[in-house]
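Reading through the structure tokens given below for one structure.
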């Protein structure tokens, strides 16, 4: 019991750290100016799923020394969250290509012509829509995946392999549909560098940590951890990266997130049923 309790909060802390690192690194990777072509977001999503699958296979073999995957009916249940998570991961790349690391507000600038301002507004709108769609899809997929994890006797790593197989299939189809010409011309790994590889590793780690959090905590706490990571990312953006100007609305939202986290975690003393005379 104590082990599960400890694992619950350690995994939540790791998720906050991982999500913060991922947001900042992904934002940097999508805005870094290079001589060659920029890496394909769809390719990074596929690479992440491959890394997750092999990592989970390794963990299953360590635990059981054999790989028993697979009840076809149980496996098919994961096609739904896999498709949604694949969509969400691609949307995050779109969002962080068009918004700053805080994902809420573009920094204001004093200069620039009207065309640049229009482009900035367009990018902001596109990024915001991507964030909203990612949030909605993430909530549904998280609840669905939590239900599957908590009703199954299979390990969380086996479930992640099943999820990863579908995610890889959907991601690969999406990559070839939208970036197939670029892949055929310059290869799937065009534009990859150490930063890109770091993003792939962080995203793969995040997928595994989220599964552990959902298994031993719940999807609501996972949402709180992600929200806290946004606040941490914002502080880093403001004090270190200097690409975010916080407003009163942002501070109000941050206070609400922190208050909600404490209220959800608070366990009041049960009322006594005995009547003292």
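Counting starts with 1 at the first residue shown.
Even glycines carry a Cβ here, placed using N, Cα and C.
Keep in mind that TrEMBL annotations are predicted by a computer and have not been checked by a curator.
Positions annotated as transmembrane segment by TrEMBL: 6-27 (among others).
The feature transmembrane segment is assigned by TrEMBL to 39-62 (among others). Beyond the transmembrane segment (39-62), the same-chain residues lying 6 or more positions past its ends with a Cβ under 8 Å from any Cβ of the stretch are 29-30, 86, 89-90, 93-94, 97, 155, 157-158, 160-161, 164-165, 167-168, 171-172, 174-175, 178-179, 182-183, 188-193, 196, 199-201, 203-204, 207-208.
Within its own chain, the transmembrane segment (125-145) has Cβ neighbours under 8 Å at 78, 80-81, 84-85, 87-88, 91-92, 94-99, 103, 163, 210-211, 214, 219, 222-223, counting only residues six or more beyond its boundaries. According to TrEMBL, the feature transmembrane segment maps to 125-145 (among others).
According to TrEMBL, the transmembrane segment annotation covers 157-178 (among others).
What TrEMBL records for 190-214 (among others) is transmembrane segment.
Annotation source TrEMBL lists transmembrane segment at 221-241 (among others).
If you look up TrEMBL, you'll see 247-266 (among others) marked as transmembrane segment.
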Short question: which residues 6 or more past the ends of the transmembrane segment (190-214) have a Cβ under 8 Å from it? 7-8, 11-12, 14-15, 18-19, 21-22, 25-26, 28-29, 32, 34, 36-40, 43-44, 47-49, 51-52, 55-56, 85, 89, 142, 145-146, 149, 156, 159-160, 163-164, 182-183, 221-222, 225
